[in-house]
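Step one of this worksheet: look at the structure below.
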Amino acid sequence: MAIIQGWLPPTRAHYELILKLWQFSYPVFGSCGWLFAWKGMGGKLPAPSRFNMPGRVAWLTMEVPGFLTLLYIMRTLPQQHGIHDLPWQNRVLGGLFVIHYAYRAVLFPLLQPSVAPIHVFTWSLAIGFQLFNATCLGSWLAAYGPVTPEAWAAQAPLPQFALGIAVFYVGLAGNFFHDEELREIRRREQRRQERIRKSAGPPPSSSNDTNGTAARKVVEKHYEIPQAGLFRYVLFPHYFCEWIEWTGFLIAAGWSCAPAWAFLVNEISAMLPQAVNGREWYVDKFGEDKVGKKRAVIPWVW
Ligand SMILES: NC(=O)c1ccc[n+]([C@@H]2O[C@H](COP(=O)([O-])OP(=O)(O)OC[C@H]3O[C@@H](n4cnc5c(N)ncnc54)[C@H](OP(=O)(O)O)[C@@H]3O)[C@@H](O)[C@H]2O)c1
């Protein structure tokens, strides 16, 4: 059953229109990051605003619609086109998308020791990103891309498919590893403050902060220059690894997969200005000498 007749799941003509919009509109939005030093997600403590949403709720609600949409389209669209059994490659690629977003949408906000608020404008852009992306990739995987073994042999022969999957997993592992390094900075600080609180004894009776709320706020604002892994060379290796991940997906889907190209280009156009602005933030906070030769996001390049 269609959620919106002709649009969700989309007919081929609507898919092509949505894909065009996705290819041309989001790189423009993303590139606005070069003009305004806004922070797309998380944010180094965005300015207080009544339009800020609690970080964990915002992450979950803006990222979950993506993989649910993709699953819905892959479940409904093939039947509409008389496709009874999708090739295993379509299922594997759909599965990789779900694995990534199960982490990003559900585990990530739960694992973070603290999550900065997110402005409702950023939240809306992120939901738009998810819906466009999942509709285009999902429709391509469900009916409008290769849907027979013969079509796959021409689209991405097995060695290319296998290479793409390997690159995807290297990127996913790297993304998780560097996210984890940032989490560990906050956990370390939390442990340090707990030790100090314990050794200082109970708070004075006049204090209202018996639950350590003030200490948690300090932890939320605690930043260090991370050092592990690729953080030795760049300040946003988690972004770089995410790009490797989706490059792997593109290799596996085949170089002519327009939705996989659009996804990669749109991610880079949104995240590159954030990383470059982010490097400036590190220089302002810690000084040029502490940041040293670390680049923003691509080792030895940018
Ligand atoms: N940003 C995007 O547009 C975007 C798009 C697609 C995917 N992603 C992925 O989503 C994940 C998170 O992205 P993000 O933009 O939120 O990354 P981020 O700005 O680096 O922040 C990630 C988390 O680490 C904390 N953090 C950042 N720098 C820190 C430091 N120097 N010391 C201690 N803690 C620090 C942040 O805390 P605060 O929030 O308190 O600053 C936040 O909780 C990444 O894996 C990225 O690849 C991001």
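Backbone N, Cα and C define each Cβ position, glycine as well.
Just so you know, TrEMBL annotations never went through curation; they're auto-generated.
The domain '3-oxo-5-alpha-steroid 4-dehydrogenase C-terminal' feature in TrEMBL is assigned to 215-302.
Marked as region 'Disordered' by TrEMBL: 193-213.
Per TrEMBL, the feature transmembrane segment maps to 17-37 (among others). Beyond the ends of the transmembrane segment (17-37), by six or more residues, the same chain brings 10, 125, 128-129, 132-133, 135-136, 258-259, 262, 265-266, 269-274, 276-277, 280 to within a C-beta distance below 8 angstroms of the stretch.
Residues annotated as transmembrane segment in TrEMBL: 57-74 (among others).
Summarising the annotation, TrEMBL assigns transmembrane segment to 94-111 (among others).
Annotation source TrEMBL lists transmembrane segment at 118-141 (among others). If one looks beyond the transmembrane segment (118-141) by at least 6 residues along the same chain, the residues whose Cβ comes under 8 Å of a Cβ in the stretch are 8-10, 15, 18-19, 21-22, 26, 29, 38-43, 46, 49, 51-53, 55, 58-59, 61-63, 65-74, 77, 86, 90, 93-94, 97, 253, 257-260, 262-263, 266, 270.
Among the features that TrEMBL reports, transmembrane segment is placed at 161-178 (among others).
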